[in-house]
Structure formats: C-alpha cells, structure tokens
Amino acid sequence: FRNPVTIPLNGREVRRVGTEMGKFYKECATSEEVAAEGDKSTDPESQSPRRRRPSIQKRDIKNVAKSFVPILGWLPSYNIKENLHGDLIAGLTVGIMHVPQGMAYASLAAVPPIVGLYSSFFSSSFYMFFGTSRHISIGCFAVASMMVGAVQMSLLPAADSINNATDVVGPLGDVTSLELTSALTLAVGIVQFVMALSRLGFITAYLSDPLVSGFTTGAAVHVFMSQVNKVFGVKMPRHSGMGMIIYMVKDIIKEIPNTNLMALAISVFGIVFLSIGRDFVNPYVKRYSKIPVPLELILVILGTVFSVLMNLKEDYHIKIVDVIPRGFPSPSPPRVSLILHLLPDAIPIAIVCYIFIISMAKLFAKKHKYRIDSAQEMYACSFFSLLSSFFPVYPVGASLSRSAVCELSGAKTLLYTVFSSALLLTVILFLGPLLEPLPMCILACIVIVSLKSLFLQVKELPRLWKISKHDFAVWTIACLATVLCNVTQGLIIAVAFAIITVVLREQWPSFADVPHTAVGSSQKIPEFAKVLKFDAPLHFANATRFIDVLQGTFNDESLPSEKVVIVDCSAISYIDSMGVDALKETHADAKRAGVSLYFAGFNDSTIQMLDNIDFFTTVPLSAFQSTVSEAANQTIVN
C-alpha cells in the first residue's frame with residue numbers, strides 16, 4: 001500500500017493512499033455495515049435490526065471464557081483413544097510421588113504433614129481448570145516450602161512443633177500456624193492476580209538463569225540444614241536473619257554427642273536407598289518402562305512398617321508423624337486482616353512460585369511443540385492460590401522432579417491431574433492414619449536426596465566464567481546472599497545486584513580497538529585506519545565514556561599520520577538526546593584534531609531520526625557509512 005490504489009469492496013470503491021492501514025480497515029468495516037443494512041431491507045427474517053448481534057456477543061463470551069478457563073477448550077475435544085492411557089499412567093505415577101513429597105516438604109514449611117497433601121491436592125486440581133501447560137506438576141516444592149517456613153519462624157517464633165496448630169502469640173497476635181499459611185496463600189494469590197492484571201509478568205525477566213540457579217543453590221543449603229537435626233535425631237533452637245546458617249552449624253556440632261543412633265541409622269539407610277535407586281535402579285528400569293520405581297513411596301512404607309514393628313516412638317524416642325486427621329477439610333475464609341502484614345513476604349514467594357511454573361511450562365511446551373500462554377499462567381497461579389486459601393494450605397508452585405516424571409510417563413493433557421488428585425484424595429480420606437507411625441527422619445531423607453540436583457548446579461560456574469564474568473558474579477552473589485541471609489532477603493539482594501550489573505554493562509560498555517582481521521575477510525581495511533567498536537546503545541549513561549575514549553584516540557601519538565578513525569556502530573540499537581550531542585561533540589573534536597572520523601553501521605531508524613532533527617546540517621552525511629568497509633573506501637577516496 002505504498003502507492004495509491006483503488007479497491008472494489010461490496011459494490012463500492014475505496015481509495016487507499018499511503019500506508020494509513022487504520023483508515024482502510026475503517027472503510028472496510030463501514031462498507032460491511034452498509035451491505036448488512038441493505039441485506040436487512042430485503043431479508044424477511046431480519047426485520048429486527050438487533051437480531052444478529054446476540055450471536056456475535058455469545059461467541060465473544062465463549063472465547064473469553066475459554067481464554068480464562070482453558071479446560072473449556074480442550075476437554076470437549078479430548079481424544080480418549082490417543083490420550084487416556086498416557087494421562088492415566090502419568091496421573092497415578094505423579095500421585096504416588098505427591099504423597100511422600102507433600103508430607104516431607106510440609107516439614108520445611110513448619111506445618112503438619114497432612115497440610116502438604118492438602119496443598120498439593122487443591123492447587124493441582126484448580127490449576128487443571130486454568131492452566132495451559134500439559135506436563136507440569138503443581139504442588140509442594142522445596143524452595144517455596146522453605147520460604148513459607150521462614151515466614152512462620154519470623155512471625156510465630158514460639159511454634160516449636162510442626163504439629164502445633166494451637167494458638168501462638170507472636171508479632172501478629174493470637175494466630176495459629178494454619179491461619180497464617182492460609183492467609184499467606186491468599187496474599188500470594190492477590191499479588192499474582194494484580195501482576196496478571198497489570199501485565200507485570202515481565203518482572204520475571206530480571207531473574208536470569210544464573211540468578212535463579214545461584215538462588216536455588218543457596219536455598220538448598222537452608223533446606224539441607226533444616227533437615228540435619230532430624231537425621232541425627234536431636235532438637236535445635238530456631239534461628240532467623242543474617243548468619244542463621246552459621247548458628248545452625250554451630251548447634252549441630254554441639255548436639256553431635258546427643259545423636260540418636262537409631263535415627264541416624266534409619267536416615268543413612270534412607271539416603272543410601274534413595275541415592276542408589278535414583279542413580280542406578282531407575283536409569284536401568286527406564287530402558288524398559290517409562291514409569292520409574294516409586295522409591296519415595298517404597299521408603300515411606302518400609303519406614304512405617306519398621307516403626308510399628310520396632311515401636312520406635314516409645315522404645316527409641318524417634319519422632320514420628322504422629323497425627324494425621326482423616327477426612328476432607330472444611331472450607332473457611334482466611335483471615336483477611338493478616339494480608340497487609342504478610343505482603344512483604346508474599347511478593348517474593350509469588351514471584352518465585354510463578355518463575356518455577358513458567359520456566360518448566362516453557363521447557364515442556366518447546367519440547368512437545370505446543371503453545372502456552374504466559375499471561376494466562378499468571379492468572380492460573382493467582383486463581384489456584386486464591387481458591388486454595390479457603391482450606392488449610394500453604395503457597396506452592398511446580399516441582400521439577402514430579403514434572404519430569406509426569407512428562408516421561410507419557411502425560412498428554414492436564415486430565416492426568418484427575419488421576420493424581422484421586423489418589424491424593426484417597427490418602428486424605430482413608431489412608432492417612434496408616435502413615436502416622438512414619439519416622440520424621442524418613443521424610444528428611446526424601447528432602448535431602450531431592451536437593452542433589454540443586455547442589456549440582458555449582459558445576460555451571462566454570463561455564464559461566466568463560467561466557468560472562470557478570471553472570472558468574474550474579475550466580476555467586478545470589479548463592480552467597482541467600483546462604484548468609486534468609487531466603488527472601490537473599491532473593492532481594494540477588495535481584496538488586498543483577499540490575500546493577502545491567503546498569504554497569506550499559507554505563508561502561510566495551511569500546512576498544514578492533515583488529516583488522518576481526519572485521520571480516522570480505523571487508524578490506526587500510527592499515528592506516530583505526531577501527532573501534534562501541535558495544536551498546538548510546539545514551540545518557542555512557543555518552544561521557546563515548547566522548548572520552550574518542551578524545552583519547554584523537555590525541556594518541558601512536559595514531560598513523562593519515563589520522564583516520566572508524567567507529568563501528570552496528571551494536572548501537574538506539575540513541576537518546578545526549579547520544580546525539582555526543583556524536584556532534586566527537587565530530588567537532590575530530591575536526592579540530594585533524595582526524596577523519598567515520599561512523600559505520602548505524603541502523604536505518606537511527607539515520608532517519610537524525611535526519612528528522614536536521615542533524616546532517618551540523619555533521620555531514622558522508623561521515624556515516626553503512627559498513628566499516630564502505631567507510632574505509634571513503635577514506636581512500638578522500
């Protein structure tokens with residue numbers, strides 16, 4: 001549409017000039033309305049001028065409903081023959097993993113084990129209606145559980161038992177542990193909903209892979225230290241704030257003489273059992289079956305049976321799960337009055353939960369070639385948090401281990417959640433009390449072994465050092481800050497440092513000599529020409545550096561007598577007002593120093609912007625060339 005055209009449309013001719021596409025579409029819409037009005041005058045069934053409008057509105061309502069509740073789109077077209085078998089196997093496999101992991105991670109959040117099952121059941125069930133990823137497993141995971149535990153520790157300092165659901169007086173007054181976690185879940189849902197409405201999902205872009213990797217490795221240290229006392233069967237005082245890990249290590253060393261040898265023996269067996277199973281048994285089984293051996297569930301069953309046979313609680317003073325209520329929990333509204341107090345903790349938890357969900361969702365979507373909606377995933381996170389908060393739960397996200405098993409087990413759609421939730425519901429309603437004799441050290445073993453993949457992330461450091469020193473620094477600071485402070489403070493420090501590194505990279509970009517051999521074999525550069533490359537947009541933060549480096553180059557005695565300087569500007573994606581002034585100033589400085597200065601590689605939009613402000617009345621257009629080679633040819637001609 002760059003040239004004037006005439007387009008016939010429903011008996012009318014619409015003249016189209018230039019590139020004003022909006023006017024053209026408006027003409028089309030107007031023409032269609034006129035044609036529709038003409039049809040109404042001749043069609044006996046269209047006497048009412050509003051007869052056709054409701055069908056359009058219904059269609060729009062259906063589309064909006066499907067976008068917010070995606071299950072309305074895929075469930076009616078569900079292919080039972082192709083998908084049911086994979087969803088059934090994956091659902092039962094994931095459900096089996098949910099039981100021991102939910103109970104184990106609940107101990108990290110300082111809530112009774114049954115709350116971990118509730119949290120996994122409600123969140124995954126609600127996500128099935130609102131989510132767009134077919135393979136991620138929503139439920140308890142270590143990092144979020146640890147962050148919730150830190151909140152409990154700071155706000156309920158007197159709660160010394162995970163089975164303590166009685167009133168505890170803390171900074172918030174008379175509040176129970178479960179009231180606190182339900183209110184925290186509501187606050188997390190509100191934060192995620194506001195982020196979804198405001199389209200603030202882009203915030204997660206500031207949490208780069210090195211940052212998340214370093215942060216989760218540091219968080220794994222906290223998780224590990226919180227389980228060590230259960231392995232040794234000793235009690236430890238609770239710590240919070242900066243340096244808490246150091247105090248915990250000190251306490252563990254002090255308590256070593258009081259080790260419960262039976263608890264230590266059970267823990268060693270559990271860790272060895274899970275490690276051998278994960279590293280040797282499951283890889284072997286994988287050759288013949290997609291379904292892995294449910295190692296955690298087997299260990300839970302063995303531990304429960306052994307506890308009953310040996311009467312571990314009475315004879316060996318082993319701490320056990322003890323009380324698991326049977327039946328479905330009654331819904332009750334969360335304490336809204338706590339939300340304002342919990343918002344500072346809810347914001348980082350909401351972001352972390354969303355990051356784990358969206359990162360794994362994108363991974364599996366790319367692998368299986370289907371599309372996910374990042375905005376809808378944020379809404380899904382908020383909806384399952386808001387709805388779950390009416391039950392005794394705590395904030396959850398996506399588990400890497402369960403999601404990987406779900407995908408490997410052959411899940412095709414989110415219908416697998418029906419089968420995993422059904423298995424969870426069976427345990428909640430009927431089988432829960434059977435797990436009451438389970439030693440807590442067994443749950444600690446499950447948590448500790450699951451941390452192996454997080455600790456192995458330290459292997460990324462040599463690679464990051466070779467690729468980017470900034471990324472290496474971000475990983476290191478994120479890990480150390482999380483280890484030396486608590487999890488929430490570590491995340492805040494890590495994000496702040498990552499943003500600072502971005503600012504520093506923009507303020508002090510690379511601006512150095514480019515060897516002629518590095519310019520390209522097709523571009524022949526004269527030996528007397530000095531080529532420099534500016535590796536960043538030119539703006540207020542780095543304009544001074546741009547000027548200083550070029551002034552230093554102009555006054556450099558080693559500059560060849562021809563005094564030709566070519567600046568490779570191909571990496572300059574945009575220029576602000578101070579950048580424009582920097583170009584003018586450097587050109588004037590070059591002229592005074594008797595140096596021929598050329599700018600090569602500016603994109604078309606930048607050249608157009610400079611032309612619009614009459615820049616070339618000050619600096620000649622001949623000083624701007626499309627490539628370094630053309631700039632070199634210009635120097636030869638001159």
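Cβ coordinates come from backbone N, Cα and C, glycine included.
Nobody curates TrEMBL annotations by hand; they come from automatic prediction.
Record features (TrEMBL):
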REGION    32-57  region 'Disordered'
TRANSMEM  105-130  transmembrane segment
TRANSMEM  136-159  transmembrane segment
TRANSMEM  180-207  transmembrane segment
TRANSMEM  261-281  transmembrane segment
TRANSMEM  293-312  transmembrane segment
TRANSMEM  346-365  transmembrane segment
TRANSMEM  377-394  transmembrane segment
TRANSMEM  414-431  transmembrane segment
TRANSMEM  438-455  transmembrane segment
TRANSMEM  475-504  transmembrane segment
DOMAIN    531-635  domain 'STAS'
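Ranking 105-130, 261-281, 293-312, 346-365, 414-431 by CB pairs under 8 A with the transmembrane segment (438-455) puts 261-281 at the top. Residue counts for the domain 'STAS' (531-635) under DSSP (helix as H, G, I; strand as E, B; rest coil) come to 52 helix, 18 strand, 35 coil. Most Cβ pairs under 8 Å to the transmembrane segment (180-207), among the stretches 136-159, 261-281, 377-394, belong to 377-394. Under 8 Å from some Cβ of the transmembrane segment (136-159) lie the Cβ atoms of residues 94, 97-98, 101-102, 105-106, 108-111, 116, 119-120, 123-124, 127, 168-172, 175, 177, 180-181, 184, 216, 219-220, 222-223, 226, 238, 240, 341-342, 345, 348-349, 352-353, 356-357, 360-361, 364, 384, 394-400, 402-403, 405-406, 420, 447, 450-451, 454, 486-488, all in the same chain and six or more residues away from its ends. Put simply, of 105-130, 261-281, 377-394, 414-431, the stretch with the most CB pairs closer than 8 A to the transmembrane segment (346-365) is 377-394. Most Cβ pairs under 8 Å to the transmembrane segment (105-130), among the stretches 261-281, 377-394, 414-431, 475-504, belong to 377-394. Taken together, the residues in the domain 'STAS' (531-635) have a mean pLDDT of 90 on the 0 to 100 scale. Counting only same-chain residues 6+ beyond the ends of the transmembrane segment (475-504), those with a CB under 8 A from a CB of the stretch are 143, 146-147, 150, 206-208, 210-215, 217-219, 221-222, 240-245, 345, 348-349, 351-352, 460-461, 464, 541. Using a Cβ-Cβ cut-off under 8 Å and counting only residues 6 or more beyond its ends in the same chain, the transmembrane segment (377-394) has close neighbours at 68, 106, 109, 111, 115, 118-119, 122-124, 126-127, 129-133, 138, 145, 148, 178, 181-186, 188-193, 195-196, 201, 329, 331-334, 350, 353-354, 357-358, 361.
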